[in-house]
Amino acid sequence: MAPFFFLTFFSLLTTHLSHAQLSCLTLQSINKIVYNHCNELPHLNSYLHWSLDASKNTLSIAFVARPATTDGWISWAINPTGDGMPGAQALVAFKASNGSMVVKTFNISSYSSIMEGKLAFNVKDTRADYFDGVMRIFATVELPEKGMTSVNQVWQVGPSVSADGFPAKHAFQPANLGAKGRLDLLSGQSSSGPSGGIGGGDSRTKKRNIHGILNAVSWGILFPVGVIIARYLRAFPSADPAWFYLHAFCQVSAYAIGVAGWATGLKLGSELKGVTYNTHRSIGIALFSLATVQIFALFLRPNKDHKFRFYWNIYHHGIGYSILVLGILNVFKGLDILSPESKWRSAYIITISTLGALALLLEVITWIVIMKRKSSKSTKPYDNKQQPLAP
Ligand SMILES: *[C@@H]1O[C@H](CO)[C@@H](O)[C@H](O)[C@H]1NC(C)=O
Ligand SMILES: *[C@@H]1O[C@H](CO)[C@@H](O)[C@H](O)[C@H]1NC(C)=O
């Protein structure tokens, strides 16, 4: 079992070290510009990082989205006169035919009149980049009026750009049509309409962090610690029955925290429109089911000498190791989705590697103890209280 343990740890570490998905947290500071706010916009898997400079009346933004195709465009706009596309003063980014990213400004006075040119407000420091299928528009806009507390924003992604640099029509799916809302410059929230609606990215980020911490602590740390206690403390006669209570305490607390974390995850999942993290979700549901079965195992445990105890052990250990592997795997899947600052991922990797190294050390010690016991068994009668090491 131990080699399997380590193979799992290290394959998890290597496959998950570099890969990262879009989220507010990945991009909190971009090229040394630190944005004070980030909103996960409610449609099109898009993000807006922004800072308000009230004294200069400017808004610095970084709009992040995936274009509809790799040859597509992304756009973010302020609409000073309405709340949809007509009237929007848009920044559009795409890859020019010479291969470099360009930002153009479009005055969209109506669906039929989309003019490249100056906007109703000054825009400076425009720039765009394209990396890993994700485009970003950077800009500093002078707010249309002094002291504005909110602006209407519109964003969009499209499939292609004509040879003369004009963005092709975007799709008319509900997500495309719904990609507009109000950005509240005072509270930092974005909402899907003047009357509120989907919660802002900031509060959702907080909920996601709570979900991440609960689950990393329970499935990702407490459960493995409980397994290590059960597997290795038990080899020492003096630790009986203390190991059992420690083990049960660890796993029952892990389960309680894990269920709370699981529930926050389901809630978060149901709030996400149009994005589902299927693997993370499925593993989460499997974990909850297995762990619930495992809690029942505690009550169904036959006596040590019962003839069914052997089968119970196989079942308990089988499910236990499955939870261990799936739990750690899902913490990494969750880290991919949440993409917190790299120190969090590093902290978890260090914790789990330390536990892995501890397990390896204890595995060696256990085998030395067993070998010694075997060699002294020939001279001493077998100590009946010892349980065989399983599995
Ligand atoms: C590429 O084309 C865009 C406009 O089409 C232009 O602004 C930019 O300077 C060009 N870049 C290079 C490196 O030629
Ligand atoms: C945008 O287009 C409309 C209609 O053509 C025009 O009235 C308006 O002045 C334009 N805005 C700017 C900033 O050029």
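Cβ atoms are placed via backbone N, Cα and C, with glycine included.
Taking all protein chains in view, 20 other C-beta atoms sit within 10 angstroms of the C-beta of His280 (heme b binding site). Here TrEMBL flags His211, His247, His280, His316 as heme b binding site.
Per TrEMBL, the feature domain 'DOMON' maps to 44-158. Across the residues of the domain 'DOMON' (44-158), the predicted structure has a mean pLDDT of 90.
Taken from TrEMBL, the feature domain 'Cytochrome b561' covers 174-371.
If you look up TrEMBL, you'll see 1-20 marked as signal peptide.
Residues or ranges marked as transmembrane segment in TrEMBL: 212-230 (among others). Tertiary neighbourhood of the transmembrane segment (212-230): same-chain residues 243-244, 246-247, 250-251, 253-258, 260-262, 264-265, 287, 320-321, 323-324, 326-328, 330-331, 334-335, 338, 340, 344, 348, 351-352, 355, 358-359, 362, selected by CB-CB distance under 8 Å and a gap of 6+ residues from either end.
As annotated by TrEMBL, transmembrane segment applies to 242-263 (among others).
Sequence annotations record features per position, and here TrEMBL assigns transmembrane segment to 283-300 (among others). Below 8 angstroms of C-beta separation, residues 219, 248, 251-252, 254-255, 258-259, 262, 265-266, 312, 315-316, 319-320, 322-323, 326-327, 329-330, 333 of the same chain, each at least six residues beyond the ends of the transmembrane segment (283-300), sit close to that stretch.
As annotated by TrEMBL, transmembrane segment applies to 312-332 (among others).
For 347-370 (among others), the entry in TrEMBL reads transmembrane segment.
Less than 8 angstroms from the CB of His316 (heme b binding site) sit Gln294, Ala297, Arg301, each of them six or more residues away in the same chain. Under DSSP, residues within the domain 'DOMON' (44-158) fall into helix, strand and coil as 0 helix, 69 strand, 46 coil. Within the same chain, residues at least six positions away from His247 (heme b binding site) with a Cβ under 8 Å of its Cβ are Gly226, Ile229, Ala230, Leu233. Sequence-distant contacts (6 or more apart, same chain, Cβ under 8 Å) of His211 (heme b binding site) comprise Gly261, Thr264, Gly265, Leu268, Gly334.
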